[in-house]
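Annotated in Swiss-Prot:
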BINDING   Gly607, Pro608, Asn609, Met610, Ser611, Gly612, Lys613, Ser614  ATP binding site
Amino acid sequence: MPRKATTPMMEQYYQIKDQYPDAFLFYRVGDFYELYEDDAIKGSQILELTLTHRSNKSENPIPMAGVPHMAVDSYVNTLVEKGYKVAICEQLEDPKKAKGMVKRGIIQLVTPGTKMAQGPDDSQESNYLTSVVEKAGGYGLAYSDLSTGEIFVTHVKHYAEVVNELLSLRTREVVFAGNLSASDRDRLQKANITVSEPAELEGEHAEISYVQQKLTDSMEKAAVRQLVVYLLATQKRSLAHLQVAESFEIGQYLQMANTVQRNLELTQSATTGRKQGSLFWVLDKTTTAMGGRLLKQWLSRPLLSLDRIKQRQQMVQALLDDYFTRENIVDSLKGVYDLERLSGRVAFGNVNPRELLQLAKSLEATKLIIQTLVESGNPDLEKYGQGIDPQSELAESITNCLVDQPPISAKDGGIIRAGVSEDLDKYREAMNGGKKWLAQMEMEERQRTGIDNLKIGYNRVFGYFIQVSKGNVAKVPQDRYTRKQTLTNAERYITPELKEHENLILEAESRSTDLEYELFSQLREAVKAHIPDLQELGRQLAALDVFVAFAQDAEEKNYCRPSFSSKNEIAVKNGRHPVVEAVLPAGSYIPNDLVMDEDTSIYLITGPNMSGKSTYMRQLALIAIMAQIGSFVPADSAKLPVFDQIFTRIGAADDLYSGKSTFMVEMSEANEALQHASSRSLVLFDEIGRGTATYDGMALAGAIIKYLHDKVGAKTLFATHYHELTELDETLLHLKNIHVGATEENGKLIFLHKILPGPADQSYGIHVAKLAGLPRAVLREASSMLKRLEAEGAREINPSRQQLDLFSPVEVVEENPLKAEQEELLDEISQVNLNEKTPLEVMQLVADWQQALKEE
């Protein structure tokens, strides 16, 4: 938009806007933040603001919109959630004291990855900013949640691993030093990831050396430096809460591609994108926001270290065995606020009095938690409690300084306790004395004038005034009262005596308010020195919260403590799918065993659609993940290997981010397993080959099975509708056939949902089609067509291993096909609800049907 003729203020605006062309500029004017030009037009649409104009009388009025400064966070968050950046331009001096144009400057650039303000729905969500640097030998990747100050860093060899990490983390913004192709940029944007250029800062900054202190890898150092520089450049303040970067190897954890996590629905439903329907939804019995976020982190990075897994199990077992200790901890955790994010707000300088008091209350609750743990009588719980520092002195200093129920704002007074400051107490005494004097004056003036409804009031424009109703104006003493304001029903006056005391009262109020803010700022700075200790405490309480949640899950859902095998064997007794079990009526889920000894690497699973093959496969993966995060698992007993990787090909959804077809995605995911799986991996393949022609698909599926068997040796569950593949057990020694049972009763298909040995020996595809509601005419035509095709292309196969056709004609062949009219009549009969008919109506219907058949 071309620039209009400007005033000095607008000239200042344009100079600042030129520095942030890709951001919305929120420009502070008095009590509002204003947007101009294109920002105003676009912002008014997104934020549903009224679009008006500045300089309406000029030939070229400037589009303008505004938001109140008290509500700015919500508007900024709305823009940031949609992927935009927002530059906050503040008045840097008191407009009343400014000489000429008020100085303004950018105090913060809010971006999708640097959002500090979190709504109630975001409490369990981490908001990651990720930094990626490319060097010879690979990529350094560092990510941080600014609201908590945590920083993690790793390095990978291949760009595909970078993209997988970005998608798995669900990072909101990536700072990328390098050339990003248009297709890659588009893919990230489709995943709601904002791509930003690195920032630059002159000189050295203490935060950089502090967070890098444990790093030795140059690539990781570069990634962390780029991350911290971007944070400092955008936030424009000291970031004392940034934590020492924690370096990790991807191989330290069970590796799962983003697609695997999505297929298994670890943290969100694949259907809705929401928490409900995910494994996180089932397991999340956490009490604190910190615990919820940590549980999510654990789900995305299950452990490989058996020692660490067992340490977690020990804590869960101890809490499971002691109901009263567990319940006391839960009660105390309810009094713990989000220490991690409160610490971030302290460092940021925007913590308010209520939040500081929340911090103190959290520390008081921590003392109760420590007492409960130490007195539990369990060595593991006692040791955990002894390792927690309750920060008692800090809690005491906060509660001794702040009133019990402070206001949110620190600038309006009423936040500091009496006795904290002698000067403050004197100002308050003067204020109270002045207010008593005002009350006394009001009473005396009523007596002097005879005006019973005379009252003394105050506003910021006129200060203190005497208000008299219109009906009593004649009684006003004109020699002492000076009219100041006329209202519809009243007149307002001042007197020399009133103005004299007003100055004394307002001066005391002003000094009191200023001193309270000064004392609060001193308290905030004192708390800032404790940030590292508060962050450590937050981590300890978050982990305890997750342990308690796991113990509650185990008790309420009858989960068992899994054991681990070094012999690469699986023995799950009566295993259940945790999410499916949670949504079904209590006791209705049908459990299944899964036993694979050392000599068995592949189970080939056959059975009709909808019978539960996919559920059975996912069930094993979820049990393995739960076991490796330290949780108990849904089974009567479970012995598992420690898996190093999980690969899946489950579901028929296209890759929304890459634009690949279903078959290409299928082959890509299969290739991931073939290239990278080891004998310690878990592979789940569901209906590989269905995305292409039948014989192509069957050949590919068979070759993939043979490769997994001969070259990889991973524990594999392979579901297929190609029944010919079941003959592979004759040549592949480590492959066994299993199937999902089903039976037919009175012409109806009954899914048994039980896993049985051997291949399925009968097709129920036509029954499934019936369950789906396909018209009889379609089913009949499909059966006839399939019968002809089989007759034309029949080939000899083992009679005991007949082709398991999806639409088998055996069950539906009709010697005398029905006429169309008869078919319609049968459909009408099948749809009648006899329970809603009277006997007479039923008799009439039967008579009508008989007549119709006679006519045909």
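Count begins at 1; order follows the chain as displayed.
Cβ atoms here come from the backbone N, Cα and C positions, even for glycine.
DSSP assigns Pro608 (ATP binding site) to coil in the three-state reduction, placing it in neither a helix nor a strand. Taking each Cβ in turn and tallying the other Cβ atoms within 10 Å, the top scorer among the binding-site residues Asn609, Ser611, Ser614 is Ser611. Of all Cβ atoms in the protein chains displayed, 24 besides its own lie within 10 Å of the Cβ of Gly612 (ATP binding site). The DSSP secondary structure for Ser614 (ATP binding site) is helix.
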